[in-house]
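What TrEMBL records for this protein:
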- 1-20: signal peptide (SIGNAL)
- 247-377: domain 'VWFA' (DOMAIN)
- 779-803: region 'Disordered' (REGION)
- 793-803: compositional bias 'Polar residues' (COMPBIAS)
Amino acid sequence: MLLRQGISLLFIIYVKFVDCYPGEEKHDIGTLAGDVQNWAMLIQNYILQLASDGIKRDLTQSYLDQANYTYEKKNGEEIVQKVKLTLGDYFSKKKRAAERLAEKVREFHDDFLRSNSSINAKVLKDIDERIYRDSDIPSRLPDDIIFNPYFRQGVSLKQSSIKLPDEVPRNDRDVINTVYFTARLEETFLKNAKDDPLLRWQYFGSTTGVMRLYPGREWSTNFAGFYNDYDARIRPWYIAATSGPKDVVVILDCSLSMKGEKFSIGKAVAKTVINTLTKQDYVNVICARASHWDEVGKWHFYNTESLSCVQTDLVPATNSHRKDLIEKIDKLKAGGTSELQKGFEQGLDLLQNPRTGCQSLIVFATDGIDTDGEDVRCGPGYYTRSGYVPGPICKYNYSDVWELVLNRNKHLTPPVRIFSYLIVEDAELFPGNLSCRNNGSMKKLMTGENLISQMSNYFEFLSANAMSSEALWTSPYLDAWGLGLMLTHAIPVLSRITGKYIGVVGIDATLDEIENFLTKHQWGSVDSFLINDQGETIFHPRLKPSKKLLDDPIFTPISLLEQDSNGNPSEFSTILRDMIAGKTGTIRIEKAKGGKPRNYYYAALNNSEYSFAFSLADTDMEFRRSQEPLDRSKYDESYYNLLKEYKGRLLKEKFPGLWKKIDIRENEKKRYPGLRITYKHSTIFLAPKTHCDPTKYMYNDDLAMKTYEAHIWINGNQTDLGCESGKQKFNKGVRADVLITQPIEEIWRTRDFESINQIKWTNVGLRSGVFRTYPGHRSSRGYDPTKRPWYKRTSSAPHKTSISTPYMDAAGVGKINTISQAVFEGMTPKTDQECEVFKGRPLPGGCKCDLDSDCMTKVCYLSKAPGPNADHRRCSTERVEAVTGLDILYDDFQNKTMGSMQASDFRKSCSQVYTCRDGEPGCETRCYLFDSSAKLVMDPDFLLANNLDKSKYTGVTLGRKEGEVMKHLIYEHGFIKRNKDMDFQGSCRISPLAPKVTLEGIPKTPEESDDYYRNRGPIPKFHSEFGCIQDVISFSTVDDKLGSSGMITGNVSGPCMSGFYYVTALPKTNLYLLVIEDWQHYRETLFYNFNCKITRSVVNSGAYRIINGTCAHEDDMTSTLAQRGKCPMLKNITMPCTYTAANQSSVSHFLLVTVILLTFLIKF
């Protein structure tokens, strides 16, 4: 007893003096504070010296300061009116083309009916090729198919082609007649294309399944070489145009009797219905079942539930809600009883308050049987002397459901129609009676194949019941034919003779062109955005480019992009209400998102459901445009980036001997493998936005002519009239930027300093989209320097030298870091009197200054700009005109920075291993550089990372490597701030990301990337990534928390490691130095170390999928479409509906009695 008490006392004493586990001993102070401060200055000096020697930003700045500028007063209201006219005309042309085509379809169809004629051909192949060209039959393809960059594939601009769904009989008489009369549309197709060069696909989808498409094309194939199926009648543009808005509830029998193939078919029915809904529809899905006991008395809990994240209401059938419902349907498993009354109660509750009020529909999938077998009992059972007696087998009286639905349906407006699908079984009584008594229809399904055809009663009803002739613009979607994100203007066509639908006409408009309309009218810091009449964002600079979307987009509410989570600035809500209402106006917000004043100018587009807005800063009210130098004699020739073309026939003929002067080198394996470069010159790349017609530029594959025209322009003397003149291909000011930056070429070429061999590329990207790079080489066709991370990062903090995290070079030379600096718009000198009014406040550009802190931009320098105080330092202008930088191989960057960090005692230098303070071996000094987003820029482990595994070195957060330190910096010091945002256009993966094993078959150089879209083979429909809604977690640093000492220190001990850390800034850069002294890694085999990964993950940035993220898509509409008079007229057709009145058990009894009687009669 005494011994036990003694041990307890010793343990208490031990716990009192040691408040952590073994291996977690804390050290109160470190010994490297002075060294860390010194290291930070050494690394900063190295970076600044490298930038000074390699980039020569001061010289580029001097060129801009000495340039001539013109001043333009900008009027936001005039810009809005101008865009409204041009973009409105763009939509109007599409609308007119669709109306012309629809009228011709009606005319040709009715003419064919009046003539009471029928084509002599009995089969399609007998029809003349001038009338019938088939996208699925190689021998029937148009003869003149050639690759067209506007369509990104081979097409015929002289003839249309026919596409038939797989299940449509090719020799059906109606099909043949439709092919025949639609052949007369050729002339209309050609006229539309001539009148509007920006027109893309034109097509007519017939009720027979025939689709005629212009321009004609060969259909896409799968990997097996078979043509992909396509049925226009189930495409959203067709259904939206013919069926009108509707409220749909899908009730799925989830009982145990449905287990297996039956449940797979039932789920496929539900998904088919959901996939054919559009944004104008409302929907919810109910999984109907109830709890039960089993044969041994065990209780199994199941509940009837609505699958949408909104349980008690219908949700709009947007892409996000449809994806959410389909995913939840896929996860359902059969189980529970066939007690379905509660399911119909919930469905009718949802339709009690319809959202459209136009049509109410229930789609019901069931096996119809009235029992669930031996495993499902409707009572708990009981014990007797003989043993356990199971509860009774469930048997359901469906008459209660019939009466419930019939009675409640009498009071619904509009009344609900029920479409039942009996799966596999012969129990027609329950679903048949339910549908027929409620103006619906029932069909039996034996398989889940070709459900569109098997569910023809539902789809034919949708297209037959609505009397809609209203045209509509669809939501943006990814084109099935390869043109990216687009809108369709769809018009249903009704016969004047029969009053029935003939089909739907469609005319497409691409989002690329709409974006170009908006961005070409931007300048300075101006932003623009486009929304629909539901407040969903179609285009915004913060959204992903349409080319990067994985599938049909989930649209972000504009309020999330222009307001914070608390709805500030509140003034934007007024803008949003006005835009949704189609109003034109102007509102100034003193503290817009971002903290600075912005002026919003907005208007609605005529003939569409869209509104757009421009957002201007105060500095954008006056626009300065650089002018070409008056004396061109001291400016050398500039060369376009497509070096290969200078050795081609056209340019050799136009510029004899020029290719020799450029001295093009190919495939220099040591420095630039696989690339064409020139050491003698820089090259000029002109981003798509520098062109008057970016679309034409992007898809123009005549590279020789493209190079010739660019070379002539950038070196020419013709007057720069701008795109408005209609006489040139490049925006005003592009050539001026090329000329102003030309002198830097010689400086870059002749520089000589210690680290010159570490530098791969040096470049300057200007706000206009002009990009000059040395050594000269090719850039990818769609490259835009102003959209690159290094440009945005430097522009956001222009007073600092910015260093990127490591990344794989776009030109293919390896793992690099970019060091970049901002170049400001040429200085606007101000007199002392003009600057006097800012006394006591930060000074604007052009005012005399002594320190960086005197200026608004925090940049004070000696400028070569003329004017007052030319011999004194002056503040830079507020606007960033360019970003200039260099790319250095990561290995060289790390070796240089790590080599700078030698401890004064020569014992605890970075990466040096030594004996711990407690005498144990294995302690180390760990050193990292991280940026203002808490992402690692330098980590010793990056050196060992495989270049192909980007996840190991690109965008790695501090928390992923040193979670304990990150947690301290966030929650104890407040130095790192956690930010949360929502991405409605996120990318999720079916399987975890795996590193590439090889780059074979993947575009590695700009030339290969440009050619990829043209030369790639068939692409399978399956891919590992899919669109989803995500929470996006990011971090930002708060410099004020560094305190007066400029350093944060702390002792950390956790499940992963322990040590004493130091954090200090490299103040003239975007970097911070983290040093961990006595860093000791804990083995993950210890019993408490399973928390190590958790500790790191909770402080890691990234995008995380939100399962019910669709709930963020709020629909605040308070009135129905019916109340607003926007429903189409309905025919209220009577559906044919039949079923066998006997249920399954009755049929079984009948068969048994019949067999007995027959046996008796035969016997006697």
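Glycine too: its Cβ is placed from the backbone N, Cα and C atoms.
Automatic prediction, not curation, is the source of TrEMBL annotations.
Same-chain residues lying 6 or more positions outside the region 'Disordered' (779-803) and placing a CB less than 8 Å from one of its CB atoms are 47-48, 51, 547, 641, 685, 687-689, 698, 763, 765-767, 769, 771, 773, 810-811, 817-822, 824, 852, 857-859, 876, 880, 883, 885, 929, 931-932, 937, 1006, 1009-1010, 1068-1071. Confidence in the domain 'VWFA' (247-377), given as mean pLDDT, stands at 92. With DSSP states grouped into helix (H, G, I), strand (E, B) and coil, the domain 'VWFA' (247-377) comes out at 43 helix, 30 strand, 58 coil. The compositional bias 'Polar residues' (793-803): residue composition by secondary structure is 4 helix, 3 strand, 4 coil, according to DSSP.
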